[in-house]
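Comments concern the structure below.
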């Protein structure tokens, strides 16, 4: 277009430069025509085209106008002055025209008017930017740069004319122009500074990116502050900037959800129409919404990439010109200098564009992670039960930690799908121009590789899917193991669980091995490809026409430069392929997840209007979606506002299911449900969050002092708060680890009361609390007469019958349907199922003379029920009473049998003082760790734990990884790589020699075909050798890394299984799972890839250095100097005391040495003096980067754990979250945690860009120096065109190598941190290391327990919980252990199993000191029925007998004795029945019975019963007591009693008080002592 304009404006005299410019020894002048057409038009055309970008920015901007005293005001003034100056010039032009002056030239007028248009547009844009608050504009900055650059020739013209007086100039025009040029330069200078908005209070922590100038944004200079800080000290969370507003989840999610919802809706409609269409290809797409949401970002990225790709082909053309310049000694020097400068400029522009591209893409990846994490979280909270069944916690956490990460990683590669083919096609096009048809041979090879790689990629995708399946399974198993760790230790089942996990891991390793072979195959194909292409193309070219086709340096090295461009897309294609394969697998899993069914919205929730509060008409409900899954059927009832309704029934009759049906958690198959009002829900197993106690109760509601105090008192929490270190601000650990079961249940109840909802659903909340606390809660909370919920509608599921008379209605459930309903009196009269129920209850009561079930009923209440019964049916009353008196007589005869065993209790039911022993133990350290300001403290504590490692990744970590691979394997790997590099270097040097010789031989005219064949053969051999050795290295390393994966995971698992309980009490499970998930994933897949790429890069760099030394042997001295400087700089600064530096740093040194040397050392070693300062700057930049980047990675890893912890917590409490209607608040919290994580991730991606821009600057200077040196020394004798070609083509390549090396190095550092984190948990202390004695195989034979002066504390530095306890339990004696809360009852049993180790004294069983025994043996020879019924996913058989030590007959016998035989027989698979995660598919009562069956199977001489009978009904409970009496007659039984009535018939009672033995005697004697502790406790519990 511009030449056309020149012709129109200038006529025949339209040359750009002056005549004869090619042979001019000086730099030629631009012609008058060129200056005023081309050079005036370029800036104006630029601003006209790109002003649209500025208009878009103005449209989008929400900022206030800029401050009036910022640089923009000065720029507006200057722009106005420029317009005045130009106006004066135009007036001058017109004056000359109208006066017909001989010096008038229309060209000047054209140029001035075009410039005027540009200036006017820029003035308008600048004023608009000020008004709309645009702090900096790249378009305007570039415009002024163009104005200045295009104005230089005219400035030179005027100045030369003035100084040298070679020609006459117009003084008026010259003066006006020089003033205009000065103003334009000032404009450019002012554009380098950003402006500030008038409302621009910039917080200390707000990110400076958007307030930085265009130049700073281009070079990432705004990040330098953080880099300097990171070099001075180890960065902490507080040092980082907040996330930019545009990257925060709340601003990103709405637009994404807008695009995702239609996809999900479409899928839902399709399923409704055709339920069979569950084919994965119909699942809602994830990528379409992502594309729609971020289309502009992707478009911008595409433009950057296209510009970069096109600029790559400028360098080979310039190289061609440079070689011809070297060969033709007659060309003037300025041409060579121009070529060198153009090479530098094109490299510089490429660097700037590339890093803007990467920055955009990494940010896009970060945004995608943010929106997908939020979408997965929201979806999880809304999954239906059917869908939830198929998705374990592990699988969903994997979606978050692995799959979303993979889609995020894909963003940086996504453009390569079109960019790589484009680069390949362009390379081939230019090669065709250079070498003709012989290029086709190379092209055919590339085409042939495509099907081969497609086949491999399909294989790889299948492997990926398989590996993810095993990984999910392993994480699920691990999650359960960690959750049930205490039970595993008590049963001594660690080895069994470890074996199960390792079996899954072995399957995973097998798949990894297969994957690594496939990876080696792709590496081979892509490593061979560029080389084969070169050999075949050169070979065919030479053989085609040996006379004319001569491999001159010009052809050889331009072709090599093009082959190098070709090599990159090909090499990277393999990586993109494997990334795409992983991404496709993850996309499939995410699509499947989003296709899962969600909760049906509650059928009818109305507010006010009706009298009914809760109403069901003929409802049938199922946990699944099918008819056969039905759990409740024919349910109809109508509950009025303000009524208290009790739901009773046996274990498994559907009581909890009924509440879930009301909450909408179950699928409604028929009928209608009405819930009129807001709902609060107290689940059977309390769900506690990892927050302060107060926040657990407030549950997102605002704090109301008066209401809060009332709730605390009503729920009997006052004394508990006093016992906590920071009262209600104490942070509660994961799953309420530092609260007892009773406390958890009361906190859960307090939460429901505080919500002040109209309907309260209570799922057996009184079962886990002591009798008098139960009474207190009933009276103060639940009761219609005196409770604080008196005006609300209450539905209470209960096993306690004494308060039924206080209820307005009682619903009796039997086998999933309502068998009876009415008031207490009506049910008594009807003499149906309810009367049977009562009968069982009374008999049970009489056995224990008023033993409590849920409340402290005394004999008066039993009498009351008997009186009620008398009114209904005197005959039944008489029958029952006679049975009762027989029972009482039998008990009085003292039959030396324990009754109270096996009573299920949630985590130690406690009295209101509650401070259970375990809790007290835990609170010891909590007090130290946590100040009363919990939220903040939690944060610092987490970071402190995770950021123990600061500073460099220790060399030891790299070494431990290499040891895991195997030192021999690593060594062979390196040697093979060395071999491949040596071959590569030789092949290139050989080519240089060949091309120089070819030129000489051709000139002499004696070309020999045989010589050509030999040379070609040697070249081909060298290349093939290189390709084969690369493949061998890949296979060797792959196998070594799979071995390392196995060892690291094995070591971590082994250590976790043997860590003491104290470790799990203070370490959040999310943090441990993060090691098993994310970090093992890094070791399995990312790290091997990083190391392979890293090593390739190192050797590329080293081979460059070797080439240089070869060319100029005494460059070796320079190397020595460089090495010296490097270590001196490092040591003087105290950066590293030891010389072995982490592998990554060594690599960077290698790159950098190359970098600098790749240039010079050819031409002249003297140039090194110029480059020393450059080298020092380079090292400093690297040091800043390494320290900052590494610490940012650690912070990022640490801030990832809370996302998963919160996520797991939410999955566990999903039903509560939905019931309370706070799903949105939890989604917000999740988003907040993701933002916190991204605030640490964003600086780390910017750090990579910051370094890369600076590194590439060095690379670009290398290009300048290499080309410059070649130009300057072209006349020196040793410098041939071949050497220059080799030198400069290497230098051109070095920029890309350095850039790639930066990515690989930072990736390696990032991923080696995974090894560091795994290592951290492989060296934590384990238990039982000093006790290795084995007892006899029959030990213990008698069960004689002798406790001698026994003291114990939970962890060093804490108070003793037992002080010099001494007691002797005779063989087969039944002893009850009692004491007030915190007396040390549980501590004693924990000490018996050595969960906590002795601090003084000892415990002997049958004369053997248990402290000396091997732990596994000790625990396997004792039996316990624990408080918490913990089951693991797997078969029922595995849960009873994980070591397969018993045959089926023994197992069935145990089930029969545990009253589970009929239940197990009713299951389709019997003993092979699959138990779901955590035993979710069994009721709590059934789980408790399975725990009893375990004890019956083991049946050792010592049995410990942690009493808990709350979750079983009266009848089952009585059967349990009977079983325990009969089966454990010969055993020593210790019962920890939380309710006195249960141990009244023990042989003796051990009464503990504050960790000491207070009394130890028969119950009768203890009750006879009115001053004793036991007497006062019995009085309190109404047992007397």
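Glycine is no exception: its Cβ is also placed from the backbone N, Cα and C atoms.
According to TrEMBL, the feature transmembrane segment maps to 41-60, 72-95, 107-128, 140-159, 174-194, 334-354, 413-432, 517-543, 555-577, 961-986, 1016-1039, 1156-1186 (among others). The feature domain 'ABC transmembrane type-1' is assigned by TrEMBL to 299-582, 971-1310. Marked as domain 'ABC transporter' by TrEMBL: 614-840, 1347-1579. Positions annotated as region 'Disordered' by TrEMBL: 898-939. TrEMBL lists 915-933 with the feature compositional bias 'Basic and acidic residues'.
Contact between the transmembrane segment (41-60) and the transmembrane segment (555-577) is not supported: fewer than 3 Cβ pairs lie under 8 Å, counting only residues 6 or more apart in sequence. Count of Cβ pairs under 8 Å against the transmembrane segment (140-159): among 107-128, 334-354, 1016-1039, the largest is for 107-128.
This prediction places the mean pLDDT of the domain 'ABC transporter' (614-840) at 82. Remote same-chain residues near the transmembrane segment (517-543) are listed as 431, 435-436, 438-439, 441-443, 445-446, 449, 452-453, 456, 459-460, 463, 549-551, 556, 559-560, 563-564, 566-567, 570-571, 573-574, 577-578, 1012, 1016, 1019-1020, 1023-1024, 1026-1027, 1030-1031, 1034-1035, 1038, 1089, 1092 (criterion: CB distance under 8 Å, separation of at least six residues from the stretch ends). Counting same-chain residues at least six beyond the ends of the transmembrane segment (413-432), those with a Cβ under 8 angstroms from any Cβ of the stretch are 298, 301-302, 305-306, 309-310, 312-313, 316, 357, 361, 439, 442-443, 446, 537, 559, 562-563, 565-566, 568-570, 572-573, 575-576, 579-580.
For the transmembrane segment (174-194), the residues of the chain that approach it from at least six positions outside its boundaries are 71, 74-75, 78-79, 81-82, 85-86, 88-89, 92, 135-137, 140-141, 144-145, 147-148, 151, 154-155, 158, 161-162, 211-216, judged by C-beta separation under 8 angstroms.
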